[in-house]
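The structure appears right after this line, and notes come after that.
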Amino acid sequence: MTTDSIIYLLFIYLVVNIWTDIRTLKTKNVWHLVFGLLILIVGIFNDMATFMLVALIIILLVGILLMNIPNVQLGAGDIKMLMVLSMYLQFMKPTVAPFLIVLILVSVYMTLSFLIHTILLLIKKRVKREISFLSYRVTKKMIITPEAIPISLSVFVAILFT
């Protein structure tokens with residue numbers, strides 16, 4: 001498989017995940033499994049499976065830690081998405097250490113998610129009523145956002161900076 005075909009697969013994976021996350025706030029487990037196994041099999045044939053699995057385990061542990069922090073809206077589907085994307089990044093950037101890939105991915109994701117929540121908080125203060133658009137919801141007590149968009153954007157930033 002060439003790098004171009006991997007990037008096309010990554011793009012399809014991201015677009016479908018963004019679409020389903022925005023529409024329903026859920027992503028399909030089968031979707032994550034298929035793309036995760038696909039990139040893992042390609043990594044096995046290219047002798048990159050070890051680093052990909054290290055990146056997968058690190059992002060799983062970081063995701064579980066982030067999921068238990070109050071006010072962080074990282075769900076199980078988002079962690080699965082981060083796991084698959086960390087394997088893709090490790091495949092595309094094999095010379096970069098898995099810990100660095102995970103660090104960049106999570107840092108950019110948290111920053112983008114914080115910016116989106118800040119913008120929605122500013123809108124909430126101005127409008128003074130409940131707002132909803134697809135699965136984005138701003139109520140008096142909470143803000144609900146699909147996290148697939150900041151996760152996807154963090155992948156492209158991680159590709160640029162690694």
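Placement of Cβ uses the backbone N, Cα and C atoms for every residue, glycine included.
Copied over from TrEMBL, here are the features:
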type     : residues : note
TRANSMEM : 6-22     : transmembrane segment
TRANSMEM : 29-45    : transmembrane segment
TRANSMEM : 51-67    : transmembrane segment
TRANSMEM : 97-123   : transmembrane segment
TRANSMEM : 143-161  : transmembrane segment
Near the transmembrane segment (143-161) in space but 6 or more residues beyond its ends, with Cβ under 8 Å, are 10, 14, 17-18, 20-22, 25, 27, 73-75, 78, 81-82, 85, 88-89, 92-93, 101, 104-106, 108-109, 112-113, 116-117, 120-121, 124, 135-137
Near the transmembrane segment (6-22) in space but 6 or more residues beyond its ends, with Cβ under 8 Å, are 28, 31, 35, 38-39, 42, 77, 81, 84-85, 88, 91-92, 134-136, 146-149, 152, 155
